[in-house]
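Quick look at what TrEMBL annotates:
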TRANSMEM  29-54  transmembrane segment
DOMAIN    44-293  domain 'G-protein coupled receptors family 1 profile'
TRANSMEM  61-81  transmembrane segment
TRANSMEM  101-123  transmembrane segment
TRANSMEM  135-161  transmembrane segment
TRANSMEM  203-229  transmembrane segment
TRANSMEM  241-263  transmembrane segment
TRANSMEM  278-295  transmembrane segment
Amino acid sequence: MWMIPEQNQSWVSEFILIGFSSDPTTNSILFIVFLLIYLSSVLGNWLIIMLVCLDTQLHTPMYFFLCTLSLLDMSYVTTTMPQMLVHLLAHSQTISFAGCWLQMYVFGALGITECTFFVVMAYDRYVAICYPLRYTVILNWGLCIRLAAGSWICGFFSSLLHTFFTMSLPYCGPNRVNHYFCEGPSVRSLACMDTHLIEMVDFVLSVFVVVIPISLIVASYIRIAMAILKIKSTQGRCKAFSTCASHLTVVTFFYAPATYIYLRPNSSYSPERDKQVSLFYNAFTALLNPVVYSLRNKDIKRAFLKVMGHSRLDQ
């Protein structure tokens with residue numbers, strides 16, 4: 001049964017983001033740590049984008065998708081981290097209702113886009129290993145652009161539904177969000193009405209944007225594994241698997257915490273644990289992605305050394 005707030009109750013015009021700690025010393029330490037993480041994430045992903053753009057040998061579907069993933073990660077972490085850094089040092093941790101709405105929408109849009117885009121990257125690996133001679137024919141530039149654009153459209157449309165249902169709820173107090181950003185379940189818990197129906201709608205949406213992409217990725221890698229097992233030489237098998245290892249690693253880093261946050265039962269909701277898990281798939285995944293791809297990728301290393309060599313010659 002839905003509870004309608006009384007007429008004399010005031011509506012919330014802003015939220016207070018509690019964050020991680022109220023101790024100034026702890027917040028100062030966290031500020032330094034998170035600032036380094038944020039700068040490293042942005043620098044690492046920007047470096048991959050720059051290398052792919054500058055090196056013509058990296059102008060292939062695989063690196064186009066990697067460049068798009070880096071752009072997503074850089075945008076994703078920028079949606080939450082700068083504001084969190086300000087709040088760690090500021091006396092006020094408030095965010096306006098409209099600001100909360102916008103942050104929730106953009107964060108959700110980029111997150112859902114990344115969920116969908118990992119399927120596109122899995123399809124890229126499937127074509128590369130199962131149909132190597134037709135790779136550039138199947139994944140032509142027109143299809144690559146349509147797949148990337150489709151992921152962005154899917155993400156921003158799906159997030160609009162999620163954000164609309166959450167922020168259209170009545171918020172008449174309290175307004176303290178036990179999180180470091182306006183994350184859907186944390187904000188929704190403050191609504192002054194029964195949110196069971198909205199939670200069910202959100203759960204169904206989460207199934208579509210999490211479970212279905214995971215299923216498609218698993219199906220792709222089953223086909224990839226079958227193709228790899230048909231390769232006779234051990235060296236050939238290792239080379240084929242190594243091209244997928246980086247993608248599998250970042251998919252695991254992203255989907256494991258995201259599945260916990262959005263598909264867990266409401267009875268197991270823990271604000272403190274949710275903040276830690278959200279921080280991992282928001283900040284640490286964006287930091288780890290360029291590390292995973294650069295350490296395991298000879299082409300990225302070669303492009304980096306090539307650019308650095310040209311820089312020295314220019315000096």
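Along the chain as shown, the residues are counted starting at 1.
Placed from the backbone N, Cα and C atoms, the Cβ positions cover glycine too.
Beyond the ends of the transmembrane segment (29-54), by six or more residues, the same chain brings 20-21, 63-64, 66-67, 70-71, 73-74, 77-78, 81-82, 84-85, 88-89, 283-284, 286-287, 289-291, 293-294, 300, 303-304, 307 to within a C-beta distance below 8 angstroms of the stretch. The stretch in closest packing with the transmembrane segment (241-263), judged by the count of Cβ pairs under 8 Å and taken from 61-81, 101-123, 278-295, is 278-295.
Across all of the domain 'G-protein coupled receptors family 1 profile' (44-293), the predicted model scores a mean pLDDT of 88.
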